[in-house]
Amino acid sequence: MSDASTCPLSSLPSSSPSSPSSCLRAGRAADLAPGGRKLVFREGAEAILVMNIDGRFYALDNSCPHAGASIASGSCEGHSLSCPAHGLTFDVRSGQCTASPNLRIRTHDAQVTDGELIIRPNEP
Ligand code: FES
């Protein structure tokens, strides 16, 4: 089991649980099978959508940069996630909108450490 006081993704210490820059423990990686997705909630910041695509984990803000809709229920084909509100698609690897260079969803680092899915939020 990892030390709860240290972020397993880096040598940086994790901050308090309410800090948006803290590493987030998102549960056992084995519980999120390929094709699965889940929301990770954090205090004072946007929820993070975590997706398993072909065994790789991706994490991005659960907010569409077009008009703020939740993207959690959007359909996904390959690495393209469609916003359910108006249909814009985003590459989950980069967060980049495929139709507009000006729209991008913030992505976060996702890693499996000791079988645990760890998210390190990237803040603006
Ligand atoms: S809110 Fe996502 S495409 Fe409009």
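From the backbone N, Cα and C atoms, a Cβ is placed for every residue, glycine too.
No curator has checked TrEMBL annotations; they are predicted automatically.
For 8-22, the entry in TrEMBL reads compositional bias 'Low complexity'.
Taken from TrEMBL, the feature domain 'Rieske' covers 24-119.
Annotation source TrEMBL lists region 'Disordered' at 1-26.
Secondary structure of the domain 'Rieske' (24-119) per DSSP, as helix, strand and coil residue counts: 3 helix, 43 strand, 50 coil. Note on the domain 'Rieske' (24-119): mean pLDDT across this stretch is 97.
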